Each structure stands twice: as C-alpha cells, then as structure tokens.
C-alpha cells in the first residue's frame with residue numbers, strides 16, 4: 001500500500017523511532033536503527049523533532065533523573081547513629097557468617113554453572129552468525145564533472161549482522177534487517193571461518209524491517225533455530241551476538257535481560273510509517289548489531305535485534321523483533337520474495353497535520369471531528385478506493401468497526417486484521433457528514449518496465 005510518499009522516507013539507513021505507550025505524556029525519545037555506516041555523520045536529536053508527511057510517533061515519558069551525591073550527608077549526629085547501627089549489624093553478621101559462606105559458595109557455583117552454559121551455547125552457535133556488508137554503486141566523475149555508469153564501482157555503504165536459519169539443497173538462508181540491505185547493489189556475507197561470499201537478496205520487507213538472503217552452503221556448518229518468543233518473561237536472561245562497528249569486532253557477545261515484552265514502536269521506513277511489536281532488552285546493542293539474533297539461554301532465536309534508543313541520558317534500551325513475528329515473514333519471503341498485503345490505493349496524511357483552519361473552512365469539520373482521522377490527499381485511478389467511491393479530501397475515521405485516528409492505526413488494522421479479497425467497511429467524513437463505504441481489498445500490482 002503506497003500511502004505515504006517520499007516525505008516520509010529517511011536518509012541513508014537511519015530511521016526515526018518513537019516509543020508508544022498508552023496514557024503517557026507527550027515527551028518522546030528519538031531512536032535509530034543500529035546499522036554501522038562509515039560515512040554517516042553524527043546527528044543530534046532533540047526531545048521533539050518535527051516530522052513531515054504525517055509521520056506520527058507516540059511517546060514514553062521517562063520522568064526526571066535525580067542524582068544524590070554520595071558522602072556529603074554525614075553529620076556528627078548521623079555518625080553516632082551509624083556507629084550504633086554498625087554494632088547491631090556486626091552482631092547479625094557474626095551470627096550468620098556460616099550461612100553467608102554457604103550462600104556465597106552456592107551462589108558462586110550457580111553463577112559458574114550458568115556462565116559455563118552460556119559460553120558453551122555461544123561457542124556452539126557462533127558459526128551461524130554472519131556479518132553483512134551493504135555495497136552501493138558510486139559513480140566515478142571525470143575531471144570535467146561528467147560521470148558514466150560504466151565507471152561506477154561498488155563501495156561499502158554500511159554493515160550489519162545476520163543469522164543463518166535454514167539450509168537445504170546446497171543453499172543457506174540468512175535472516176537480517178531490511179535496513180541493513182536496503183539500497184544495496186550487491187551484498188557480501190562474512191562467515192565464521194573468515195570466508196567472504198556474495199549473497200543474493202531473496203526478499204525484503206521495509207514495513208517489518210526484515211529481509212532474507214541466500215548464499216551457498218559450502219562453508220556453512222551451523223544453523224540456528226527459532227524459539228517461541230511468547231514464552232519470554234521479563235527478567236529472563238538473553239544474549240545478543242553481532243558485529244558492532246563492523247567486521248573488526250565480529251561475533252561480539254553481550255548479555256542482558258528481557259526488560260519488557262509486547263512493546264510497540266512507531267517507525268518511519270522507506271515505505272511509510274508503521275508500528276511494530278518489539279522486545280525490549282538491556283543487552284548492549286551497538287551500530288552493526290542490526291539483524292543479529294537475540295538468543296535465550298538455550299541458544300534459540302527469540303528476536304532479531306533492530307534498534308535502540310540513542311540519547312545522551314539513556315542507557316540500555318534496545319529492541320528486537322520477536323521470533324514469532326519474524327518466522328511467518330521469513331517463510332513468506334522465502335516462498336514469494338515479497339509480503340503480499342491488502343491494497344486500498346490512497347495517498348494519505350494524518351488529519352492532525354492539516355491546519356485547523358483548513359479542516360474547518362475547506363473540509364467542513366467541526367468540534368470532535370477535528371484532528372482525528374486520516375486525510376485522503378489522492379485516490380489512485382482504478383484502485384479499490386476509487387471503485388468504492390472514496391474521493392480526495394475525504395477523512396477516514398474507521399475501518400472494520402475500529403476507530404482510526406492516524407495512518408499508522410489504519411495500516412495496522414489493514415495489514416493485521418484483513419486480507420486480500422476481503423470486503424471491509426470504511427467510515428469516512430465528507431464535508432462534515434459521516435458515511436460508510438464498502439471496499440473490496442485487492443493486491444497492489446507491481447510496476448513493470
């Protein structure tokens with residue numbers, strides 16, 4: 001569905017991401033997909049960033065950090081009180097010293113056993129982790145400023161990570177992020193033994209930020225398996241493996257916990273804005289980790305690392321796409337090379353991006369009708385929307401019985417709750433009057449040249 005146009009597209013491989021959470025305040029953090037780009041300059045992000053084309057992000061209010069200096073609060077009175085308390089604590093410590101030793105010994109043994117298990121798992125699984133280099137054509141200009149495609153050459157634009165999840169019939173297949181491979185004229189994959197091979201892009205999907213690559217299985221000795229991300233619990237140990245900052249630090253292992261499940265992030269992609277479900281983790285995720293696996297302690301893929309909060313005052317907030325969302329996308333990309341989605345055929349803008357005087361004076365909206373819904377800028381000729389009688393400057397306020405406030409909500413309902421061939425009811429406002437239209441959803445025809 002080609003709803004959002006170029007004004008929503010991001011530069012290079014960097015995307016704007018916002019945390020969304022119900023009933024939070026209007027503060028927002030900017031975040032970025034974690035792909036290493038050698039030519040990318042550091043960019044500053046403020047608390048609020050204006051976005052064009054109706055890119056709407058929710059927010060997460062994190063409050064005010066309060067730091068208490070240490071060692072500056074002692075007085076004579078508190079020193080005496082502390083001394084008195086120390087005597088009590090000393091007695092308590094003495095009476096439980098043997099138990100403490102047992103507890104400490106038991107804890108150390110547990111940590112050693114747990115650490116050994118993780119080390120064994122990482123050692124076993126590392127051959128399935130790969131580095132991915134995105135090569136893009138760069139024209140060589142002559143002294144007179146002219147350029148020729150004949151003199152262009154592929155140069156490294158960025159790099160990321162991936163994981164081999166399937167091997168059959170002499171081929172191996174890698175899952176990674178779409179933003180790792182997007183725009184590439186060719187792709188190189190670095191394997192565990194140092195071998196570098198050319199990869200073929202089987203298919204990619206910008207709205208879920210996933211892609212599948214194919215390589216020869218000549219040097220592939222290990223395949224990782226998907227786990228069940230619905231079994232994840234907050235506080236559970238997870239491990240991230242990838243190539244932060246490129247191949248020099250290949251297969252770097254970081255450990256953390258599941259900080260939260262069923263988070264929602266609203267992300268601007270080259271295909272428009274979308275909201276995706278993610279796992280939050282504090283396992284260190286750095287530029288170049290994109291596309292690498294988030295693993296449980298059994299060595300199963302429970303997520304694909306995709307993005308992180310990137311702010312000076314923020315530490316340890318990274319996100320991974322859950323394995324249960326990754327698997328069906330990977331399977332469809334393998335079988336069809338693309339994700340087939342229902343198509344309406346409108347170019348749209350969140351209504352709140354339209355000036356209120358235009359909403360009132362031109363669109364005929366008033367009161368509670370203002371700033372809620374999706375403004376149709378253009379209806380594609382021959383599209384399902386045109387056949388259903390939708391027109392430019394209509395406002396979509398409902399789909400399949402659910403209220404619509406933003407394009408992201410419309411897209412989520414359309415892609416998750418409907419399928420090609422369905423006939424759905426669309427509620428609209430036209431000149432301030434509410435009406436309902438029935439649209440038979442179709443698949444967008446790919447342009448051919």
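Glycine residues also receive a Cβ, built from the backbone N, Cα and C atoms like all the rest.
These features come from Swiss-Prot:
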{"type": "TOPO_DOM", "residues": "1-44", "note": "topological domain 'Cytoplasmic'"}
{"type": "REGION", "residues": "1-35", "note": "region 'Disordered'"}
{"type": "COMPBIAS", "residues": "1-24", "note": "compositional bias 'Basic and acidic residues'"}
{"type": "TOPO_DOM", "residues": "68-449", "note": "topological domain 'Extracellular'"}
{"type": "REGION", "residues": "73-116", "note": "region 'Disordered'"}
{"type": "COMPBIAS", "residues": "78-110", "note": "compositional bias 'Low complexity'"}
{"type": "REGION", "residues": "140-163", "note": "region 'Disordered'"}
{"type": "COMPBIAS", "residues": "140-150", "note": "compositional bias 'Low complexity'"}
{"type": "ACT_SITE", "residues": "179", "note": "active site, charge relay system"}
{"type": "ACT_SITE", "residues": "209", "note": "active site, charge relay system"}
{"type": "BINDING", "residues": "288, 289, 290, 344, 345, 346, 347, 348", "note": "substrate binding site"}
{"type": "ACT_SITE", "residues": "290", "note": "active site, charge relay system"}
{"type": "DOMAIN", "residues": "348-437", "note": "domain 'PDZ'"}
Per DSSP, what is the helix/strand/coil residue tally across the domain 'PDZ' (348-437)?
28 helix, 29 strand, 33 coil
Cα-Cα distance linking residue 179 (active site, charge relay system) and residue 347 (substrate binding site), given in Å to the nearest integer:
23
According to DSSP, folded down to helix, strand and coil, what is residue 347 (substrate binding site)?
strand
Cα-Cα separation of residue 290 (substrate binding site) and residue 179 (active site, charge relay system), in Å?
8
Taking just the CA atoms, what is the gap between residue 348 (substrate binding site) and residue 209 (active site, charge relay system) in Å?
22
Which recorded positions sit within 10 Å of residue 179 (active site, charge relay system) - Cα, from 209, 288, 289, 344, 345:
209
10 Å Cβ neighbour count around residue 289 (substrate binding site)?
31
Taking the Cβ of residue 290 (substrate binding site) as the centre, count every other Cβ atom within 10 Å, in any protein chain shown.
33
